Amino acid sequence: MRPLWFLAILLALSQALPFEQKGFWDFALDDGLMMNDEEASGADTTSGVPDLDSVTPTFSAMCPFGCHCHLRVVQCSDLGLKTVPKEVSPDTTLLDLQNNDIAELRKDDFKGLQHLYALVLVNNKISKIHEKAFSPLRNLQRLYISKNHLVEIPPNLPSSLVELRIHDNRIRKVPKGVFSGLRNMNCIEMGGNPLENSGFEPGAFDGLKLNYLRVSEAKLTGVPKDLPETLNELHLDHNKIQAIELEDLLRYSKLYRLGLGHNQIRMIENGSLSFLPTLRELHLDNNKLSRVPAGLPDLKLLQVVYLHSNNITKVGVNDFCPMGFGVKRAYYNGISLFNNPVPYWEVQPATFRCVTDRLAIQFGNYKK
């Protein structure tokens, strides 16, 4: 049954999107999905992509003691390992070492693994990484090293890297040049680190063409400066941001999803949202807003707005929809306003004239 289990895992790798963060099995090994990822990042679509042999059984006799090896997947999780195991087959494409007691990555730990595509090191005790530990991994695209004891971003990351998950560590600083040469990178998840705004050095993200960045559950008091202009998704939820000022969103005109929930936002300066013409989802739930942010009717592609659990006391007839009827190209399919002190019986029906369905509006359930 185990070979069938691994096959099922491989076929389901792409089911969870980064935004959902449902687990680490959210990358794909099939050619088509990987090409989509890399095209989005500007990477060469043939670089690092396994050939057809990578999804056919391998009969290598090499398999570390206690691990399970099949279909070029080496699964060594939950074994209490203190070090990276030896005798990993050189044709391995996915190495799973999560939930062990590995404290250090040494120079030759991954020697000979030039075909490795994904490396999972989640939930270990890693605090030290040799500067050449990742040097052999010339085709590595997914590095999951979350829930460890790292105090800095690993040096000399493989230039082939597309996705880095390094959340829930002890990182306080993102220095300039740490991502130098990573022209293929399109996704970084670094939430759950004690990062403050001062921890981002000017130019820290220079050269990156990220699509997705998440810095949630940190210590940010404002939107970080100089993030990549290429971002489609920016998630800064569960921080201490108090206001969105006019220049905060100036450079992020390509955003289609902005997550600012669970902060302390009291004010969004008028005109701030006008810099986001392609925005589709805006998450502002669990803040301290006293009014609906200005400028929503001008966002022609906006479809979802989360405003629940704020201090909003009034909803105006033109807060969501532009003047007149049928002038919004894309219609809302979700507006949440529940758990606000709004006298809902005073809200005029025309307020939601550009909403596709009554069920898309969530009201009520306010408790003092």
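The backbone N, Cα and C atoms fix where each Cβ goes, glycine too.
The signal peptide annotation in TrEMBL covers 1-16.
For 62-94, the entry in TrEMBL reads domain 'LRRNT'. The DSSP breakdown of the domain 'LRRNT' (62-94) into helical (H, G, I), extended (E, B) and coil residues amounts to 0 helix, 7 strand, 26 coil.
Annotation comment: TrEMBL describes Cys63-Cys69 (among others) as disulfide bond. There are 20 other Cβ atoms within 10 Å of the Cβ belonging to Cys69 (disulfide bond).
Annotation for Cys67 (disulfide bond): spatial neighbours Val74, Gln75, Cys76, Leu79, Pro85, criterion Cβ-Cβ under 8 Å with sequence separation of six or more. If you look up TrEMBL, you'll see Cys67-Cys76 (among others) marked as disulfide bond.
For Cys321 (disulfide bond), the Cβ neighbour count at a 10 Å cut-off comes to 20, with all displayed protein chains included. For Cys321-Cys354 (among others), the entry in TrEMBL reads disulfide bond.
Taking Cβ-Cβ distances under 8 Å and a sequence separation of 6 or more, the neighbours of Cys63 (disulfide bond) in its chain are Cys69, Val74, Glu87, Ser89. Cys76 (disulfide bond) has a Cβ environment of 23 other Cβ atoms inside 10 Å.
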